[in-house]
Each structure stands twice: as structure tokens, then as C-alpha cells.
Amino acid sequence: MLRATLKRLVTIVPTLIGVVVVTFLLTRVLPGDPAAYFAGPTADAASIEQIRKSLGLDQSLPQQFLRYLGDLARGDLGNALSTGQPVLKEIASRLPASAELTLSALALSILIAVPLGILAAVKEGSWIDHLCRVVTTAGVSLPVFFTGVLFVCIFYYRLGWAPAPVGRLDLYSVAPPHVTGFFLIDSLLAGDFDTFRATVAQLILPASTMALFALAPIARMTRASMLSVLSSEFIRTARASGLNSRTVILRYAFRNAMLPVVTTLGMVFSFLLGANVLVEKVFAWPGIGSFAVEALIQSDYAPVQGFVLAMALLYVALNLMIDLAYGVIDPRVRLEA
Amino acid sequence: MTALLDVKALTVEFATRRGTVQAVKTVDLEVAKGETVGIVGESGSGKSVTSYAVMRILDRAGRIAGGSVAFSGLDLKGATEAQMTDIRGREISMIFQNPRMALNPIRKVGRQIEDVLRRHAQAGSMDARAKAIEMLEQVKIARPEERYHAYPFELSGGMCQRIVIALALACRPQLLIADEPTTGLDVTTQKAVMDLVTELTRARGMSTILITHDLGLAAAYCDKVVVMKKGEVVETAAARDVFAAPKHDYTQKLMCATPRPGSTLRGLLPAEVAAAPNPPAAVSGEVLLKVQNLVKEYPRQGVTKSGAQMFGRGAAQEPEKPFRAVDGISFEIRRGESLGLVGESGCGKSTTSMMVMRLLDPTSGNITLGGDDIGAIQAKSFASSPHRRRIQMVFQDPTDSLNPRFTASRAIADPLMRMGALKGAGAVRARCEQLANLVGLPLDLLDRFPHQMSGGQKARVGIARAIALDPELVILDEPTAALDVSVQAVVLNLLDDLKAKLGMSYLFVSHDLHVVRLLCDRVIVMRQGAIVEQGSSQDVLEAPKADYTRELISAIPHPPG
């Protein structure tokens, strides 16, 4: 197992090299001249040229790439020209916000979708199966920005159940001392339950918005995968041995049905990171998505590069975790590794 | 003596898209204590459904529509689901066909036995493991402590079936239902498994229901036999009587379709349809296929080897020899001759046929077809070689070897369109119809898809496709293994007729010596990649020289008479 893990870790290296090269090239082929943009509309050619030089944009591509690599090695992702802050610092402060939102949404959707999918498969054709179908269809057909606005409109504006969508905390709460950057965890670590409650209250609407979107693929995959496993022969053996339905469904069927579900989780997580950008805009969430979009509009290389790099690293880590989870679930995968 | 299991007028219905279908019609079945009852029939006879109905594990679409099921005085038909889960595994248990699929693939086999023991309160958390290991010992699994931790994919088919038996007998039930327990296992494994079941059930005074399509198996192991056809019981009698003097026409037909010593190819068919036997094949002296010193090696994959390399101990050790799937075999097939290649799974017979078919590259050795060295052509480029059309293949599973989205005529036309010289759709269609007539496929079936045809019809399509280009050599890879005996009888006769008519040579790969004897002039018996015996079919079966051949022949159960 340990050896398989190490082997899998080695395969990450070429992926990372590819990611670095692609992020570098990607930002270079984007339209727009950042030097002209930052010089302002009234600047003359000489000052644009000077800014170009200060950004290193007058050098050849390989030279720029080498400089980029050197900066990366020192952990320097450059400065965001719009805010003047180092990109690394911006990402470090914003990534936990996005991660907290995405992970909460993912957890929420798993908690609902997996049991729903299992029930729909076990009681195929019953009302719960139809409910599953309705919820999943609604989930995929409503765009997140729409559900987000709808939720705000209903639960904040009409009913007043939810706090104002003003970011991670309402105006009266203070951010907990920084440990992990996740307010949910940090507030608990600090023993500050008021902040914890405020964080949860702020999280509920955006997380539900994204969870509704993520529900459909997870529930459908769980249902389909459970159906195929439930009709397999070892389930018949288990039933013929008198094992009760709880054991048959959870210990025998669900564990076998989990592989495709875990694969789907990986994909859903990447969808959610994409959906983040819109949800963060709607709920004024100080996350990494809104930051990246602004940088992109301003042709600000460094933050975009940093964002793409951070996302790519996240995906690589996620895929690694999924592969390792395969090994834990299925002994046959362990052997192949 | 009252019966342990008493099934009266059992009727089972399935709701299908075309309305309700009765899979089992007013079936009566009695099993006394300690008795072994065989339920015999071909696919679709309702024999498995009857047992599922007794266990109340029918699919959602199926339901017991009438009759009664009494098990030692208890009404199983009216029992609640909770009562049934207590009965299943503790009072009545089942073993299944395809043992590897019958086990949870991702749970240690020992744990699966424990699950059953603990469910029926036969063991607690303290002694479950010891009891599971004891069960493994009882089903004669070597090194049970170690095998407790094995996953099904790490065990052979025969071992998996032993695990399933351990699972079924763990809670000492009174009745064991064995549903085709040895289908898909080798004959020697089949004998070992059946002997084990008999030994264990006899020692515990258990009753057994053996569901099988194999009359020989039923004859060898049952006291009483129930013959089923299309959901109905056609004959119930003591095993001795059924085979000595079958009363019902259907039983007689089944009996004569089962190959056994002394039966002839034509004798498998009912008397009224059997034609005169083909004259002995005109085997010329000319050698068509010549295989010399054929070897196929695979590198051994093992943790030990790579582990040793990793820790730098590899150099000190002897480098491990590659695994030889085929170990230097030589044989010839003459024009018009059919050669049988017999052996148990893993003996290298399929690897050999794949190399002859040029789907696999041999490690060394020569393969020549009519003087042309086809062994020298790379497997990946053989498809575009002009020699490709000279060898064709008929596969084991008639369903899986047809593209589900191709009609029968499209499937038959496939080789014509790829390698044939025919021009235009009309000519191809005409040739398809000609081939269909040749293999006895009704022309109106040509536009059907595989799922709309029966197993025998699909087998005919597969054969028509193989002979479409007038090949010189046809490789038949267990072409009847998935078919019912009566269909097998027809297909074997068809193959023999085609050979007589078209003058092809056959390489017939099979595990069934009796079937091989009927169709082949000569037989090669393989074991562990090598040839143990070869000679004329008659000699090898009637006077086997090698011990292994004798073991194979004696392991085949066959109905008396």
C-alpha cells in the first residue's frame, strides 16, 4: 500500500511540470496588453515601454519563462497590479474562504444525495425514486446564479430567515484568530460559538445553492451504481444467506457501488470550483474565484497565473486522494498499483 | 415419513412488458429428510425460478401466484420477510453457479463467512473468526488461516465454490439448494466439489436439491430426479428408473442428446430428424496446418520479484523464469481433418488457438498454413494479410461474440465486406442468404438483432459468419459450451455436415472429451502447456495411455445405459 502510494506520488511530477508550462503560456496568449492597461489611457509610448520593461514583458518568451520558474521556486507569484499585494498572500487569504464554501457544499450534497440515491435504488419505482428524479432534474436545470439570487430573495428579503449576503461574516462578528483559515474550524478552536453560529448562518445559503447543483450527478450515480450492484449475483448470495437488508444494502451493496460514486465526487468538486465564481459574486464571498475573474478582466497576469496554478494543484491533490480512496475501497485496485 | 420440503402446485408469475408470464406452472416437489433430489431441465425450464420461489428471493417482477410451499410444517409462502431472513442460511441455504460472482468481491472471504455466522447467532465476536476458519477447514481449503484473509479474485473458481459451500453450510441448515453448482468448472474440479458437497451433506443428514442441466451429474449424485420443461414437471422418478427407462418423450430426447460413451453424432438427434451419417471425412495426406515447437511465455508478475529489486536484493537471487503458458508443442492438421484440443482451464489450449489464429504472437516456434509461414506475420498486421481469410473462428459465447447492434445478416456480411471480393449490396445479401440456408438459419431471421434470437440461432449466425469466406481452417473455441444439450446436438451435427460439404479442417477446442470424440478424428490432450497424449479420438477415449487422460475421463459423470 505504501509503495503504491509512493509510486502514485511520482506520477504527479510530470503533471505539475505540464501545469506550470501551460499556465505560463495560457496567460501569454490572452488578448490585451497589460502594460498599456496599467499605464492608463493618457500614457505616451515611452511610459508604456517603461512599464513593459518593469514587468519583464520585453524579454523573449523563454527568458520570461525562466524568470517565472525562478520566482516560483522562491514562492514568489508576483504582485497583483490592481491591489499591489503579493499574489501568494491574496491567494492564501482567499483560498480558505472558497475551500470552506466548496467543501461545505460538497459535504451537504453528499449527505443528501447518497442516502437519496440509495433509497431510490432500493425502492425503485416508489415515490422516493420519483422524488429523487425531480430533485436531480431541478438541480441540473437551475443555474447557480439563479438559485443563489432566488434563495437570497426568499430567505433573506422575503422571510428574513437568513442574514444579509455580505460575505463570510456579518458586520457585527469578528473573524476568529487565523489557524486554518476555515472560519468554522477556527471559531471552534477559539471556543467562540457566537462566531461559529454566524459563520454557519452566512454559509447556509451559498452552500445550499451549490449543493443543489452538485446533488444531481451524485444522486444519479449513486442510484445507477446501486441498481447495478443490487442485481449482481453476490447480493443474491447474501440474501440467500439470510443477511438482513441493512447489512446487504450498506455493507455488501453500497461499498461495491462506491467506486463510481467516488469518481463522480471528483468531477463534482471541479464543477463546484467553477460554479464558485458566480456564487461568490452573488453572495459577496471574498473567495478566490471572484478575485481571479477581476484579474482576468484587467489582463493582470500574475493573479491569473497564481489562480490557475492553485486550482491545478488542488485538482492534482484531489485526484491523488480519489486514487488512494479506490485502493482503500477495492482490494483489486491495490494489486494493480 | 413426512417430507422436509413439500411444494404443491407452485405457480410463479413474472410481470414483463408483454404481460404476465408464468415461469413455473403448478409444480409439485417433495424432498424427504436426507434425500438428494435433482431438478433437471434446459434453460427456461423454470428450475432455478422454482428454487428462488422456495427461498422467496425472486426478483421484484416475480411473484408466487399460487400453490403452497411447506418446510417442516412451516408455510414459507405465507411467512413474513423477517421470518424468511431467519430461515435463509440457517434452515435452507443455497449455492450458486459462477462462484466467483457469488461472493462479495471486496470483502475477505473469511469475513463473509463470519457475517453469516453472526447473523444467525452461531458465533459471537469472540469466536466468529475461529469458526469461520473451521468452516474453511471443513471444505478442505489448504492453509485456512491464510485464506481467511483472501479476496475472491485471489482464489481459483473451484476454491471460490468451496467458500460458497462453507458459507451455505456454516449454520448447519437442513436443506441445501445447489443451483448449477459446477457449471463453468473443470471436470476434475466438478468431481471434487460434488464429492465434497455429498460428503458434508451426508455427514449432517441434510437434504439436497441439485439443479442442473447435466443429466450425467444428476444421475451420479441424486436419489430422485424431477425433469422440468417450460415451467412444468414432465417426469418424477427415482434416478435409477429415469435413466434406465425414461417415460416421457422429453426425458428421452434429453437422454439421447447427452453425449456419453458409445453415442454417435447422429444418435444425439431424435430418431425422426436424424439423417444418415456423413461418410468418413476424406482426409487427404496434405498437411494444412503445421505447428512446431510453439512456445508462449509471459513474464511472471509478483510482489516478490519487484520487491526484491527494490531493496537491491535482486542481483543475488536467481532471475525468475517466465511463465510458459504453452511449452513447446508441435502438431499437424491435414486437409479435411478435425483435431480436438482438450484440457482443463489454464492448460494453454486457448493460448494455442489464439496463436494459430494469429491474435497472439508466439515467443518462439513456427506456424505454417498450407506451406505459408503465417507465424512470421505479426499479430497486429495479420488482419490485413491475404492469409487472414483462410482461418476463421467460432467463439464460445454465441451472444457475446455478436455485435448487439448488428442484425444477423450484417454480422454474417461483416467478413464479406472487409475481405470479400463481392461487389454491391445485392451480391452480399445473396451470399448471406446462401450462407443462412447452409447453416439452417430461416431467412426471416436475417434482419433480427442478437437479443431477438435464441442461443441456437445465434450459434448458427456465428458459424455462418465464420464460413462466409470459405476458410480452409476453422477454429472452434468451445462452440457449444453455452448451449443446452438438445441445441448442442443440433449444432454439432451442423458442424459435421458443413465439414463434409465444404471440406474444411477444424481445430476444435473443448474441455468435454465426449463432445470432442463425436466431432474429431484426432485428439490432443494438453496439461500445463504441454501435450500429454495424442492419437485418434477412439483410442484416446477408450484406451487412454496417460494417467491424466484417465483422470479426465473418469471425472465425467454420465447417465447409465
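Every residue, even glycine, has its Cβ placed from backbone N, Cα and C.
Taken from TrEMBL, the feature domain 'ABC transporter type 1 GsiC-like N-terminal' applies to A:1-76.
Here TrEMBL flags A:9-30 (among others) as transmembrane segment. Residues of the same chain lying 6 or more positions beyond the ends of the transmembrane segment (A:9-30) and with a Cβ under 8 Å from any Cβ of it are 61, 64-65, 68-69, 72, 296, 299, 301, 304-305, 308-309, 312-313, 316, 320.
Look at TrEMBL and you will find A:103-122 (among others) tagged as transmembrane segment.
Taken from TrEMBL, the feature domain 'ABC transmembrane type-1' applies to A:113-334.
The feature transmembrane segment is assigned by TrEMBL to A:134-157 (among others).
Same-chain residues lying 6 or more positions outside the transmembrane segment (A:200-219) and placing a CB less than 8 Å from one of its CB atoms are 100-102, 104-106, 108-110, 112-114, 116-117, 120, 132, 135-140, 142, 144, 147-148, 151-152, 155-156, 162-163, 165-170, 184, 261, 264-265, 267-268, 271-272, 275-276, 279-280, 282-283, 285. Annotation comment: TrEMBL describes A:200-219 (among others) as transmembrane segment.
Tertiary neighbourhood of the transmembrane segment (A:257-279): same-chain residues 98, 101-102, 105-106, 109-110, 114, 117, 143-145, 148, 206, 209-210, 213-214, 217-218, 221-222, 224-226, 228-229, 285, 287-290, 292-293, 311, 314-315, 318-319, 322, 325-326, 329-330, selected by CB-CB distance under 8 Å and a gap of 6+ residues from either end. Per TrEMBL, the feature transmembrane segment maps to A:257-279 (among others).
Taken from TrEMBL, the feature transmembrane segment applies to A:307-329 (among others).
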Long-range Cβ contacts under 8 Å made by the transmembrane segment (A:134-157), restricted to residues 6 or more beyond its ends, are 116, 163-165, 205-206, 208-210, 212-217, 219-220, 275, 278-279, 281-283
In the domain 'ABC transporter type 1 GsiC-like N-terminal' (A:1-76), how many residues does DSSP put in helix, strand and coil? 57 helix, 0 strand, 19 coil
Averaging pLDDT over all residues of the domain 'ABC transporter type 1 GsiC-like N-terminal' (A:1-76) gives 79
